[in-house]
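Asks: One structure is given below, represented as structure tokens, and several questions about it will come after.
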Amino acid sequence: MPTEEQRSNQTAPDQQDSGAGITITNNRVIRFLLTNKNVQHAVNLITVAIFFYAIYRAAVGPTDSATNFGNVAFFGFWWAPVMLLSLLFVGRIWCYFCPMGAIVRFTQRFGLQRHFPMYTRKWFVLGIPLSVLSLTALSFAMARWPMYKVGVAYSPRLIPVYWLTILGVAVGVSLVYQRQAFCRYVCPATGVMSVTSKFSPLEIAQNTETGVQCATLEYKSDFLSTDRRCTACMKCTTEQPDEDVELRFRWPGAKVLTERIPLVDEALVALIIWAVFPIDHVLGGPVEETTLVGSLPGFLAPTAAYAVSIIATILAFTAVNRLASSWSGIDWTTSFTKFGLAYAPLGLMFTLGSHAIGGLLESGGQTLNVFARGLGIPLSLPAGASPAIVSAWNDFFVTGWLWLAVLWSAVIAWQIARTMTDTKKLAVKAFAPHFALMVGSTYVVATVLASH
Ligand code: SF4
Ligand code: SF4
């Protein structure tokens, strides 16, 4: 039986994938911030304090979600735009600030320190070999479900239940398992971040192996990287403060092509991102109105519709990938992983455009006002942009933005097709069914949104 260390080396990173970069630790202030071990502790003290304060204010503040500090802090400020933008632009940098990660690192000191059951075992679903890493796809789908299907995102009194449940799981896992097992296998955001980091144009990383044993034992090579599955615990930088840290630039999505050990579980996360944002947005409602699903009591109806959206998305992709791979003669499992990841921009651009940009334009000023006033800082920004600007953005969202997402996904899918086939003709056969699905599904999403 291999040890956790040996098995975890399956995800050893590839330093040669890195793009061009600048050494940010040449700046003394940045070097201090990245290499002094007390800095992250201080930052985490603040984020943990805000986390609990927001839970408290959600429980006792106004029941109106637009004016409740807890509601605004979690869903108007933290999730979108702060976390979303950080995920899309700088990989896993959020983990540095995350209050949950800080609590996990703290509580595991008092735990049983057991090894988490690892992922050498594979379970075959639809012929796809899934590992324990697919837990993160499930936890993401389950964590997103109560937000809009049960109403947590607009019901302040449900927020404490939601976050304390997740916190309870995090503490429970940390009290049993070692090395930030919650962060690596259970956190609803970790799988999403592993996917979004492949599409982010920036990465913060050390140049070389530090010789410091990774706190999570996730890698054979041990160096900080906001790419990969690193939880930004900063052990690498604080124990090797002389090692340089770079800010690297790369083509968003190039990592999908260069990933040396692609994981099918990450492709599943990418498909679920696509499913729960644009697809469920247009499919969930009609499914809920069917006689069968609509007759279910309470929140079982939206829950069933949500599950249908996810299952339908995965099945549609699977069928299309079967067609494309048998038509072009490429390996079915590898193509599932590679092409599955190519669909992520469809979900990421949808949520970026609607939740982050759309939300900021509509009520970004109001969000900042409530957040700042909740912390005792008087702020009176205009509530949002003018109705004309909001309307122009909404028009562009369906006529341009969603199609830019298709372009992004299609460019990646075409590059994948080129690298997996020997001729242009076979590449077209591998690419065309996926392109048709991307265009067809986006056409339906855009048409439904335009009609609202
Ligand atoms: S993996 Fe999840 S819980 Fe852990 S630090 Fe990152 S966001 Fe926080
Ligand atoms: S910062 Fe270094 S030690 Fe910490 S998780 Fe990342 S690679 Fe491992």
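Keep in mind that glycine also has a Cβ here, set from the backbone N, Cα and C atoms.
Remember, TrEMBL labels are computer predictions, not curated facts.
Quick paste from TrEMBL:
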type	residues	note
REGION	1-20	region 'Disordered'
COMPBIAS	8-20	compositional bias 'Polar residues'
TRANSMEM	38-56	transmembrane segment
TRANSMEM	76-102	transmembrane segment
DOMAIN	76-110	domain '4Fe-4S ferredoxin-type'
TRANSMEM	123-147	transmembrane segment
TRANSMEM	159-177	transmembrane segment
DOMAIN	161-198	domain '4Fe-4S ferredoxin-type'
TRANSMEM	261-279	transmembrane segment
TRANSMEM	299-320	transmembrane segment
TRANSMEM	341-361	transmembrane segment
TRANSMEM	396-414	transmembrane segment
TRANSMEM	426-450	transmembrane segment
Asks: Counting a contact as 3 or more Cβ pairs under 8 Å, with residues at least 6 apart in sequence, do the transmembrane segment (159-177) and the transmembrane segment (38-56) touch?
Replies: yes
Asks: On the DSSP side of things, how many residues of the domain '4Fe-4S ferredoxin-type' (76-110) fall into helix, strand and coil, could you say?
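Replies: Summed by class, the stretch gives 31 helix, 0 strand, 4 coil.
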Asks: For the domain '4Fe-4S ferredoxin-type' (161-198), give the DSSP counts of helix residues, strand residues and coil residues.
Replies: 29 helix, 1 strand, 8 coil
Asks: Should anything in the same chain at least six residues away from the transmembrane segment (299-320) have a Cβ under 8 Å from its Cβ atoms, list it; otherwise answer none.
Replies: 126, 128, 141, 145, 148-150, 268, 271-272, 274-276, 279-280, 283-285, 287-288, 293, 336, 339-340, 343, 433-434, 436-437, 441
Asks: What residues in the same chain, six or more past the boundaries of the transmembrane segment (123-147), come closer than 8 Å to it by Cβ-Cβ distance?
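Replies: Sequence-distant neighbours of the transmembrane segment (123-147): 75, 116-117, 153, 158, 162, 166, 185-192, 194, 263-266, 268-269, 272-273, 276, 303, 306, 310, 318, 332-333, 336.
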Asks: Could you give the residue numbers and ranges of same-chain residues that sit at least 6 residues beyond the transmembrane segment (261-279) on either side and whose C-beta is under 8 angstroms from one of its C-beta atoms?
Replies: 10-12, 128-131, 133-134, 136-137, 140-141, 144, 191-192, 194-195, 306, 309-310, 312-314, 317, 333-334, 336-344, 346-348, 350-351, 354, 402, 441-442, 445
Asks: In this predicted model, what is the average pLDDT of the domain '4Fe-4S ferredoxin-type' (161-198)?
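Replies: In the predicted model, the domain '4Fe-4S ferredoxin-type' (161-198) has a mean pLDDT of 94.
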